[in-house]
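Scroll down for the structure; my scribbles are underneath it.
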Amino acid sequence: MNELEKILLIGRTGKGKSTLANVITNTYKFRESMGSASETRSIQFETIKENSINYLVIDTPGIGDTRLTNNQVLDIIAEAVYLVRDGVCRVFFVTNGRFEQYEMTTYNLLRTIIFDEYITRHTTIARTRFKDFKNKNKCLEDIDSMINIGGELAEIIGSCQKKVVHVDNPSVEVEDEEELTSNKRKRVKSRERVMEHLRENNCQGVPYKPPKLESLSQEITNDYNDYLEKKEELRKELENLKSSESLVKISQISTFESGNNNELISERKELMIEVESDIKFISVEEKIFQLEDKKTRLKREIEKKEKIIRQKVLKHILNGYNAIANEIGDIKKINPERLRSNEIEELRNNYCNQLDKETVPCVNLETLNLVDNNFTGSLESLKGLIKLTSLNIKNTLLAGSLDYLSGMEQLRELYISNTDINEVNIYKLPRSLENIEYSTNERPDCKLTEIVPLLEIENLSVRTKRQLSFSAEIQGENKSVKLEDLVAELEPMEIEDN
Ligand SMILES: Nc1nc2c(ncn2[C@@H]2O[C@H](COP(=O)(O)OP(=O)(O)O)[C@@H](O)[C@H]2O)c(=O)[nH]1
Ligand SMILES: [Mg+2]
């Protein structure tokens, strides 16, 4: 069996991934960006055979790029996972040595979402734009200087055993003949470097297939196959449609011509021809109608599949959130703060358009900020987040009862301004609450207005409690104040439960 060694190229936009892909595959099939605007937004891949080894070279767009929409990112992850579902042989982290902000985003995201800490064992730094790539000493010096700069790149270089391949793949879109020849030669030489590196660092039959990749690929492979089949079907239909449309044109022309040419021929004959071409005309039109119908149906089915796949990827990301957070916490190698606070949180907040039980499985989550989102539905899905200390659902369309928060015994801050939350049993609210923000100024017609009086009582009790415990502290007493005791006093003021 001919195994495919999968080579995954990742890195920030403009670092030379597509160019490197062309160099490795010895083609110009990958789109090299001339300006920053023309970069590709989807995955491209090609196979090559070299020394009887089959390689699949996969070029990814920088998924940390803000220019991509959330759906595009999910699609890219899905496709990448599908392509490397049997494991990846080498990951080329492409960089030009100039370390920039967000340089590691793609790497870190893939590492946390589909790979694990062992990704470094299968990673090679592809250092592009290195003019002295043929000089071994200069290459070694460059590795040292990258390590000396420190930071994440240095750590990666260290943990991938200094596996760095230096290349220079200048553009071939140049006018000057001499320059073109020279640039092409540099590409050829660079290619030799890369292929040599691949020979030395092949998978030896054991591709890297970490559990996260395995589970997500299992999750989406069937859907992805369906999706690809449908896309192929659609492609064929479109082709059919095209040829049918040209048939219509031909038949229209023939109707016209037959009318003209038959002027001198007997009426009967003319009529016959007209009738004949009419029949043909109608049947082709009907066919087009059927094909159009099929096209619309297929498109709809494809969209549906896309959605399912995206949801599965999203679910995988959010399900893994805890494990991911733990893993980062343990390893502390890849700047855990940034990863946690920006990237994963960003993913969470941006991608979560719908609150359901599956999308909120992060039991260790302490802060959840969903402010200014279009979330609808109830808070039931948050029930399990028992470690939350702060919950902000301000300016969302979340509705219903606050009772779902009753198990959150560490919840101190709650922001529910301008929502449709309209049920509360203040006895069930977490005792730990220190602050509830429940303004309705920005949306005076929101349903929250219905329970504002109750919340005022709650806030009063919270404040009283704080004052009491404060004075107890001052008095050196270790007296814990029970909320029930306080609300018992407030009970006469309570407005009927709704
Ligand atoms: N001189 C030089 N230019 C390069 C090299 N690699 C890429 N480029 C140029 O950098 C730009 C971006 O390259 P591209 O492969 O599209 O980057 P990608 O966004 O990572 O795919 C293009 O104009 C390339 O011609 C290299 O090794 N040397
Ligand atoms: Mg590219």
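Here the Cβ of each residue, glycine as well, is placed from N, Cα and C on the backbone.
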Annotated coiled coil segment (source TrEMBL; candidates 217-244, 329-356): 217-244
Coiled coil per TrEMBL - which of 157-187, 281-311: 281-311
Local confidence of the coiled coil (281-311) - pLDDT mean: 85
